[in-house]
Amino acid sequence: MVQGVKIHSKVAPKAQAELFTDGALKFLAALHRTFESTRQSLLVAREDAQRRYDSGVALDFPPETAHIRAEPSWHCAPPAPGLEDRRVEITGPTDRKMVINALNSGAKTFMADFEDSSAPTFSNMVNGQINLRDAIKRQIDFETGGKQYRLSENPAVLIVRPRGWHLDEPRITVDNQPISGSLFDFAMYFYHNAHELVKRGFGPYFYLPKMEHYLEARLWNDVFVFSQSYIGMAHNTIRATVLIETLPAAFQMEEILFELRNHSSGLNCGRWDYIFSFIKKRRADRSAVLPDRKDVTMTVPFMDAYVRLLIQTCHKRKVAAMVGMSAQIPIKNDPKANEIAMAKVRADKLREVTAGHDGTWIAHPLINAIAREVFDNHMLGPNQYYKLRSEVKVAAADLLSTNVPGQVTSEGVRENVETCLAYTAAWVGGNGCIPLNYLMEDAATAEITRVQLWQWVHYGMRIADTGVPISVESIDELIAEVAPGLGKIVGGLKSEDVNIAVEYLKGQIRRPWPSEFLTSDLMGYLAIRDGVEPALQRAAL
C-alpha cells in the first residue's frame, strides 16, 4: 500500500486489484498533493462569485482578459488523430454492454461518461475503468443471456468525461483527505491507458465538465502538463473538449480555450446543465424565473446567443464547436409517435449543422443514422472551422436575456416533480442514466427540475391554467400523489430510495437557496453503502 493512501471500500475487489497498483496510487497521490489546495481555493472562489451575483452584480466578460479576446493571432492545437471529424458523438455510461454498443454504433466518437450519466457508486467507477481499459486493448468481448457482445473492427474513437471539480471521491483518501473525483477518474484512465492509446494511433482524450472560470481550465492544463511529464509522454498529446454548461463559463469561452490551447479540441454547448446554471446563478433575480422546461428551447434568445457565440469563438481559434445532447430514443411500439419524435431530431440536427456546428451528441445508437445523414448532407468536409460567423455580435445582455416565451402550467409542475423524484431515486440506487418519456435522462435533467421547482415556490409563481400559486404545500401534495407510482415509470426502484428522493425534494423547495449540486448532496448515501464510515465522508445526508 502506498503511504498516505487509504481505500475505504471493498466493493468490486477484482477491479480494485487490477486498478489500484502501487504505481497508479502513487500517481494519484502525487496529483492530489500537487493540486488539491488549488482545487479547494477555486471552489471557494465559486462561492464568492455567487455571493456577488446574489447582491446584484451582473455577470460580464472579464475586463482583465480583454487582451486575450482581442488578440487574433493565437490558435489552439490542431485536431489530434481521430478527432478531425466528430460529426456524430454518442454518449453514455461505462458499463460493459454500453461501452461495446456505443463503440459499435457507427458514431465517430464515444464519450464514456463517469459524470452525469453515471451514478458514482464505487463499483460503477472502478468497473467502468476496467471496461475502458479492456476496450482499448480490444479485450472487452463477453457473453450474457446467450447473447455475445463483440467489438467491431473500427470502433468509435474514445473520449472520457471525468467528474467535475466540485465532487469528492470519499472512497479514497490521501493524507486523510478525500480526493477529487475529477482527479481520480482522470488519473486511473490516464495512467493505465495513455501509452496504449498512443501506440494504437490515438491519444488520451477528455471532455471536461462544469467549469465556471478560466482558472479552473488552467488547473486542468497544469494537471495535463504534470501528468504527461510523470509518465514520460510527449507534452500536448492530451486533448480536451470543454463543456460550456455554466453561465459564468459562457462569458469566458476564449479564456478557457486560451488556458488549454495546447491541449484543446474545442467547446461543447452543454445545453441542459446550462439551463440549470442559468437558474441557479441568477437565483436572487426574480426576472430570471423561467417557464415550463419544455419551453426553454435552443431558440429562445439567451440560448441562441450562447450557441452563436460558442461557434464563433471556436472557429476563430480553429477548434471544434460541438453541440449538446439529442436525448430522444426510439419509440418502438408506436410508429406514428416515433415518426414525430424522429422528425424533431432531424429538425434539431439541421438547425445545428446550418448554424455552423462541427458535430452533435446522441444518446442512442439508433439515432446515429438520422444525425449522420443530416450532417453528411450539410457538412461535406470533416468540420466547419471555415464558418467564422464574423457577423455575430453577442453582448452580456444577450446572454442574460430573460425573454423566454411560455408559462408555468400544472402539467409542467407535475412533470418536474415526477422527473426529479424518479431520477433521484434511480441515482441513489446506482443508476445514473434512465429513459423517461422516451428521452434518455441524466443528472442535468434532475437538476433543472429541482431548481425550477425551488424557483417557482420561492417566487410564488402562479399556475397559468388555474391561477393557483405554487407553494411548499402544493408541491408536497404533488409529491405524495406522484411518489407511489414511480415504480411504473422506472423499473427496479427501491422504496428506500424513493423515500430518500421524496425527503430530498421536500427539503430543497424549503431552502432559502437551492443546493449547488444534487450529486454532491446525495454522494454520502452512495459512500455509506460502499462501506465508508459516515465520519470519513463530507457529503451531507
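Each residue, glycine too, has its Cβ placed from N, Cα and C.
Per TrEMBL, these features apply:
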{"type": "DOMAIN", "residues": "14-67", "note": "domain 'Malate synthase N-terminal'"}
{"type": "DOMAIN", "residues": "157-401", "note": "domain 'Malate synthase TIM barrel'"}
{"type": "ACT_SITE", "residues": "Arg161", "note": "active site, proton acceptor"}
{"type": "DOMAIN", "residues": "408-522", "note": "domain 'Malate synthase C-terminal'"}
{"type": "ACT_SITE", "residues": "Asp442", "note": "active site, proton donor"}
Over the domain 'Malate synthase C-terminal' (408-522) the mean pLDDT stands at 97
Between the residue listed as 'active site, proton donor' and the residue listed as 'active site, proton acceptor', what C-alpha distance do you get in Å?
-> 14
According to DSSP, how is the domain 'Malate synthase N-terminal' (14-67) divided among helix, strand and coil residues?
-> 44 helix, 0 strand, 10 coil
How many helix, strand and coil residues does the domain 'Malate synthase C-terminal' (408-522) contain under DSSP?
-> 73 helix, 8 strand, 34 coil
